[in-house]
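Per TrEMBL, domain 'ABC transmembrane type-1' is recorded for 19-300. Summarising the annotation, TrEMBL assigns domain 'ABC transporter' to 332-555. What TrEMBL records for 17-39, 51-71, 128-151, 157-175, 237-260 is transmembrane segment.
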Amino acid sequence: MTLLFLKSILAPHRGRLMLLMAILLLESVITLSIPWVGGRLGGYFFGEGQQMGPVLLTVAILGLLAAGSVLRMVSNWLSGRTSETILAELRSQVFAQLQALPILWHQGEKRGSAIALISWDLVRLSDFATVTLVQLLPLLVTAGGACVMMLAIDPTLALLVPVLVPAFFILQKLIGRRLRGLGTRIQKQNAEVVAGTEEMLDLLPVIKSFHAERIEQARFDAEVSKLKDLTLKETRLYAFIDPAIQFVVSAATVVLLVLAGQSLRTGQLSASEAVSFLMYVALLVRPVSQLASVYGRVQTARGTLERLQDVMRETPENLEYSAEALQTAGEIAFDHVAFSYPGRTPALRKLTFRIGAGEIVALTGANGAGKSTAVGLLLGLYQPDSGRIILDGRDIADMELGALRRAIGYVPQSRYLRNATVRENIAFGMPDAPMEAIVKAARIAQAHDFVSALPEGYETIVGDKGVKLSGGQQQRISLARALLKNPPILILDEATSMYDLEGEAEFVAECRAALAGRTVILITHRPASLEIADRILVLENGTIRSDAVLKGMQT
Ligand SMILES: Nc1ncnc2c1ncn2[C@@H]1O[C@H](COP(=O)(O)OP(=O)(O)OP(=O)(O)O)[C@@H](O)[C@H]1O
């Protein structure tokens, strides 16, 4: 299962990986030929007659070594390049998938795990593919080739094989069993550490004001300590693998040395064969040790692959849309809509109301009454458990999600600003918006005056999440952003809750003209904002408590 998934990830890079493997295989063949030539040279010094003279043999060895080095340079470069390409592609795919996954999926996820996946886990995975996986066959060829050559030189070596192979296998099994699962646990714990850091940065003003640094530090240190313990477990295993394998291989080397010495003494082996044999023994040590760590790395990579697979196999939202689908008059109807968040009591209960095209409706009610949830359903962020939401006579479930969202301008309760200029924040999702339109939207949202007074006006950087602006200023920019989109439907979720009274009054005064011809849902508790509305819908406990038409307002 994981193997198939790995295959699908690597499929686009098969050509490069194959080329890399071919170069490594060639390098293995060259490596394998060196002891053979070395044997001839050694034999010469022991007085054996050789077809080639010592100079030629030395040149041949140097030539082979140089060719090996050149191949290694090429393979290093190609492996690095392929690794970076795979990493960039995987990061892009995971980012796209994370953006397309429903909000509810993200809410069910551990904080920080997505960041850990993109920043850390994927690096391990691309390294695994381009180093560990690609090296596997060349390593086997080098190790196997050395064994075959040794067997050809001295078949008594065959006696060792039944002893060594099971020993190696048992060692691998023992370690592999322990490493399995450890990779996944390390990956999860790493996500906790990332999440802790992220949360601390988010909460820093609160942490400082509550003087909670020590408590937060202790909480973070506990997570780091857990990660350290897990990583140490892994390090201990790797620390054990290498020397253990080295010991097995060295012990075998000693036995082989004795066998070779014995054979040389009895004349079964010629001097050149003995030298070649010893060089093959020496050659065997590195690939066998590396093969041992390949096994460990496979086990840890499995954890990362499973995590990646979990994310990638989730069904993303379909955000494709055609331009024509954007046309809407803006008549909205909720028809017996029910919805519960996972594991919670119903947030909406048979919610039924209608908003005419071009109407301005205030949605009000106590905290937790379900106002934001209703809006979330209209935006297609969540799907109703039962009932229908109808836009211009069509169930939104049958509409293209992208088209639906393009038709709605939404100012959420939280102010989502990015660390960019005021202009870029207002032109969010519309990077080519003309400056006049940006200024016009800012004027209606009562943002223009304060923005103009900023040191660099519309080019002023607002800081992370808009931290260099006041709450009300951030809110004005969020509102300007939604107005710039010029959507047929506008949803303002407490969009003016942080406006000062004057700013709100000015917005309200300009609002009627600015919002004319649009369907507007205002979620608000503020009397001034309620004044803009043609109708007030009061929500209580997930359903409509009252639906009042404000006659005086209908002009
Ligand atoms: N992501 C969520 N997961 C689980 N429950 C949620 C989630 N968001 C809201 N709820 C619950 O759903 C109910 C409705 O919440 P909602 O945010 O829609 O209320 P609201 O009317 O917008 O409140 P407020 O005036 O405080 O903004 C509440 O009981 C709330 O606890």
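Yeah, the Cβs are placed from backbone N, Cα and C, and that goes for glycine too.
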By Cβ distance under 8 Å, which residues at least 6 away from the ends of the transmembrane segment (17-39) in the same chain are close to it? 10, 57, 60-61, 64-65, 67-68, 71-72, 74-75, 78-79, 82, 129-130, 133-135, 137-139, 141-142, 145-146, 149, 272-277, 279-280, 282-283
Which sequence-distant residues neighbour the transmembrane segment (51-71)? Criterion: at least 6 residues beyond either end, Cβ under 8 Å. 23-24, 26-27, 30-31, 33-34, 37-38, 40-41, 44-45
Confidence summary (mean pLDDT) of the domain 'ABC transporter' (332-555): 87
